[in-house]
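Positions annotated as S-adenosyl-L-methionine binding site by Swiss-Prot: 197, 217, 226.
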């Protein structure tokens, strides 16, 4: 498996805190004095990571023009989680909150959804292997460290995985514009998985049919839908609100 690149202060910090053994080397902007960056560089050196100073143009080229904040790191790939890891993840949570993404293939959207999931205390994000954005430096950067903290589980058969979750007592709600009730009318407490479909196409038919319930976000304006990362944030934090209120 090939090595990966991560860039940006948040992404590098997250790996450094959780899995420092993954670092191979780091590239830093020559002459940069940054109060947020210097502690990271010191810690990288303490764990034996080689630092190479580079010009801004060289770093920009390595990051393909994205905002690298003066640091890029080459790391060993993270362990890939699959359906066999789900039971261990669920066992760590009394009432797990899960996010299922069906067909989210844009890396910016996946990264933003991971960031939402981290903020909402989601136990895991579940995606299908064949219809999801791969883990890239862009996903990691947009996630601001959440790609390194939130378990991302890639499954072979999403509908089968959903049925397994249901057997474990997890209620699964899918988001769909044609749903008859909205997220503010739905009960989003207890062991719960929220399913978000691809922007435009929504959930695939079998995914939709496997859900226990369908809900929608009430829309008062002219647009008919929201970006999937925005929609996931709204749904997750309505679930968080209800869960806090029920304590």
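Every residue gets a Cβ built from N, Cα and C, even glycine.
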Would you list the other residues of this chain near S-adenosyl-L-methionine - those whose C-beta lies within 8 angstroms of the C-beta centroid of 197, 217, 226 - in sequence order?
175, 177, 196, 199, 216, 225, 228, 230, 231, 232, 234, 235
Run through the Cβ atoms and count how many others sit within 10 Å of the one on residue 226 (S-adenosyl-L-methionine binding site).
15
Compare all C-alpha positions of 197, 217, 226, the record's S-adenosyl-L-methionine binders, and send over the largest distance in angstrom.
13
What does DSSP assign residue 197 (S-adenosyl-L-methionine binding site), in three states?
strand
